[in-house]
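If you check Swiss-Prot, you get these features:
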- 2-196: domain 'Glutamine amidotransferase type-1' (DOMAIN)
- C77: active site, nucleophile (ACT_SITE)
- H178: active site (ACT_SITE)
- E180: active site (ACT_SITE)
Amino acid sequence: MYIVIVDTGCANLTSIKVAINNLGYNATITSESSIILKSNKIFLPGVGTASAVMDLLSKKKIINVIRECKQTILGICLGMQLFCASSEESNGVKTIGIIKTPALRLKVNNLSLPHIGWNQITFQKGHALFKNIPNNSRFYFVHSYMVPINKYTLSTTNYGINFSSIIQKDNFFGVQFHPEKSGNIGSQLLKNFLEI
């Protein structure tokens, strides 16, 4: 299996690569469209701002490569938010647009932002991504923006409000949390994704 991690210039690229290696797979970090197109599985990580990552993807001319890919792709944290039509960040940023829902700033009343730490995900029905993962398992989150609950939501999490913690539309999967920082349960989710 040929696995690619899209080089979004963010800090968690190596930790994702190590997590994949620990499952017995090799992954290539790249922003070359020809290499991305040859892959079987794609990871789209993101840490930082939507505008910075979209600028980088635009400069590398890989926005349409991602938008039109037929391979199974997993957006992680900001990577999931980039699948939305836009982000509220920086007074509005146009993103990749796989789903029409916008990514919104978390409104958490008296809770602190960003949302940092372990929190549970709740899913309503079985899915191959949840194999050997008990409902209400806890994953590690670091974010200030979220994807509202929509028809592509597979699991939800509550931090002041309920939001999508996992989405799927066709071959596009997204997780708001960091599976590579979520211990054994995160490794299981990565394994499940690679086996879909």
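Cβ coordinates are placed from backbone N, Cα and C, and glycine is handled just like the others.
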Out of C77, H178, E180, which of the active-site residues is least crowded by other Cβ atoms within 10 Å?
H178
So, in DSSP terms, is E180 (active site) helix, strand, or coil?
helix
Across the domain 'Glutamine amidotransferase type-1' (2-196), what does the pLDDT come to on average, as a whole number?
96
Taking just the CA atoms, what is the gap between E180 (active site) and C77 (active site, nucleophile) in Å?
11
Give me the Cα-Cα distance between H178 (active site) and C77 (active site, nucleophile), rounded to a whole Å.
6
